[in-house]
Amino acid sequence: MAPNIRKSHPLLKIINNSLIDLPSPSNISAWWNFGSLLGICLITQILTGLLLAMHYTADTTLAFSSVAHTCRNVQYGWFIRNLHANGASFFFICIYLHIGRGLYYGSYLYKETWNTGVILLLTLMATAFVGYVLPWGQMSFWGATVITNLFSAIPYIGQTLVEWAWGGFSVDNPTLTRFFALHFLLPFVIAGITLVHLTFLHESGSNNPLGIISHCDKIPFHPYFSLKDILGFTLMFIPLLSLAFFSPNLLGDPENFTPANPLATPPHIKPEWYFLFAYAILRSIPNKLGGVLALAASVLILFLIPLLHKSKQRSMTFRPLSQLLFWFLVANLLILTWIGSQPVEHPFIIIGQVASFTYFLILLVLFPAIAALENKMIY
């Protein structure tokens, strides 16, 4: 009998073992769909981004009008741009849900997979930030100015670092040029780290909702989960296309319809919605360096999660107290997101400070404490 090329060819064999004959737990729920959704988001963003880059000019005098030209004169340019801008939002929705799933079901105990995932999140955040600057609208310019300026809080080397990043003494043409170069490069870096992420995942196999070893009950990825993933793609593309067609500017900032003007500051400088929780944490500390450290800690804290796992069970499925705390954390993040979009005035300042404190308290203190308490109650 002739050997099956799918199983013998050096390249196809890798694809087969990753996407076709991969043994998967039989009970993984829809929460396990977000990995593949992130993959399809990345592919969509790279394709639409490539098409946009063909019509974009990375120059301060031309950037804004080149984006306008793409939307007005390029065939389906408006659609490609809307898909790219809103695709970024869906990318972040998927990654936040994916991380939430990992937290809830204890997937972070696959430490290498988790750590590469956090690196992917950081790279994605960097990519989205530099991408937001490219249309060179008011919020693009001032967002870039405010966020890059944070590096000046680093003692001794801060100011030099900022001027080095800017390529001058303010955000200007060199900044835009290098941000475009970085925005072009980073998605391919993300694709590379994704392969590492998957390699580590396939070393151990997927976790499952019960958080128990599932070697005795595995099913092939294809057709079961390949079909389930296609359903997931459909369910994601429906709202994405609806947003891109019917309300493309819903999540954007109206300030970005005005070309960048270094002489006029917008009344409220705020990032895109997916960074608002971190922005709220940054603003809640009335000290520049303290705020920057809190901002960094708000994301880097994810690296500590595996070390703070004190429960004798992996998943939260059978831990009602931890579940309650988890949903408190979700509510807390929603409050932070709302606060980040509000002006810096009473009562938003104090709400933001309480929510920021609670965020770190839940992750660093309450999760391990409640886990230890549950161990006492159960065992």
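Backbone N, Cα and C define each Cβ position, glycine as well.
Per Swiss-Prot, the features are as follows:
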type: TRANSMEM; residues: 34-54; note: transmembrane segment
type: TRANSMEM; residues: 78-99; note: transmembrane segment
type: BINDING; residues: His84, His183; note: heme b b562 binding site
type: BINDING; residues: His98, His197; note: heme b b566 binding site
type: TRANSMEM; residues: 114-134; note: transmembrane segment
type: TRANSMEM; residues: 179-199; note: transmembrane segment
type: BINDING; residues: His202; note: ubiquinone binding site
type: TRANSMEM; residues: 227-247; note: transmembrane segment
type: TRANSMEM; residues: 289-309; note: transmembrane segment
type: TRANSMEM; residues: 321-341; note: transmembrane segment
type: TRANSMEM; residues: 348-368; note: transmembrane segment
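All features noted in Swiss-Prot, drawn onto the structure.
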residue	record	Cβ contacts under 8 Å, 6 or more apart
His84	heme b b562 binding site	Gln45, Thr48, Gly49, Leu52
His98	heme b b566 binding site	Phe34, Gly35, Leu38, Gly117
His183	heme b b562 binding site	Gly49, Thr127, Val130, Gly131, Leu134
His197	heme b b566 binding site	Thr113, Thr116, Gly117, Leu120
His202	ubiquinone binding site	Asn17, Ser18, Leu22
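Below 8 angstroms of C-beta separation, residues 18, 39, 42, 45-46, 49, 53, 56, 58, 113, 116-117, 119-120, 123-124, 126-127, 130-131, 133-134, 144 of the same chain, each at least six residues beyond the ends of the transmembrane segment (179-199), sit close to that stretch.
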